[in-house]
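Copied from Swiss-Prot, the annotated features are:
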ACT_SITE  Cys23  active site
ACT_SITE  His79  active site
ACT_SITE  Asp97  active site
MOD_RES   Ser2  N-acetylserine
Amino acid sequence: MSGVTSEPIAMDATRFQHTPYYCEENVYLLCKTLCENGVAEATCSDLFVVFISNEKKQVPLWHQKASTRADGVVLWDYHVICVQRKKESDSEPLVWDLDSTLPFPSPLASYVTETIQPSFQLFAEYQRFFRIVHAPLFFKHFASDRRHMKEPDGSWTAQPPPYEPIVAQDGILHNLSEYIAMSGADTLSSLDPETVTAAISQKLGVVVSHTQLQDLFTKLP
């Protein structure tokens, strides 16, 4: 019998570790906490880490806390969220975005509508792509020594988290660039169940477009 709560619990995002501009580490710790407190499976098998970016590293997202605009839009180089998809359940996948002003968590459909705004016409260079990585694989392989947050003179572009950098289980110190590298050429050509199952079992998961995102979560094993 699962110890996971049957209904989504509205939470205060400030209860979770959050360091501005270190979203990949924030989500790493968020997923760990959700698994530890019973909101997600203890194995984290129902959690997926989603990197959002593109070739130009310019992705517009709405309803972001960092925005100074009324519509909350921010042009990120990349962003990272957690999506929870409960197995053997008809409930909609949930998005956990610590940087969003939307309810925490939010149903995936409403998050896509409000944050991705697929109906908003964008130039091709601003199209968003999504790399979906199964959380257990993310915990095993992801690493960041925070080099991407340092200026040439060694100073920080933003104050780093107070804890030690994340190291992969095999000792790798930094591979963030592998996770945020994505383009239209990387997206799945088919969302048939066999292709999705094979892709999601890979270290770097699978890349999809915004039109494929919601459908993907219905095809996961």
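Glycine is treated like the rest: Cβ placed from N, Cα and C.
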Rounded distance in angstrom between the Cα atoms of His79 (active site) and Asp97 (active site): 9
DSSP three-state assignment (helix, strand or coil) for Cys23 (active site): helix
For Asp97 (active site), nearby residues of its own chain (Cβ under 8 Å, 6 or more apart in sequence): Ile81, Cys82, Phe104, Pro105, Ser106, Tyr111, Thr115
Cβ neighbours of His79 (active site) where a neighbour is any other Cβ within 10 Å: 22
All-chain count of other Cβ atoms within 10 Å of Cys23 (active site): 21
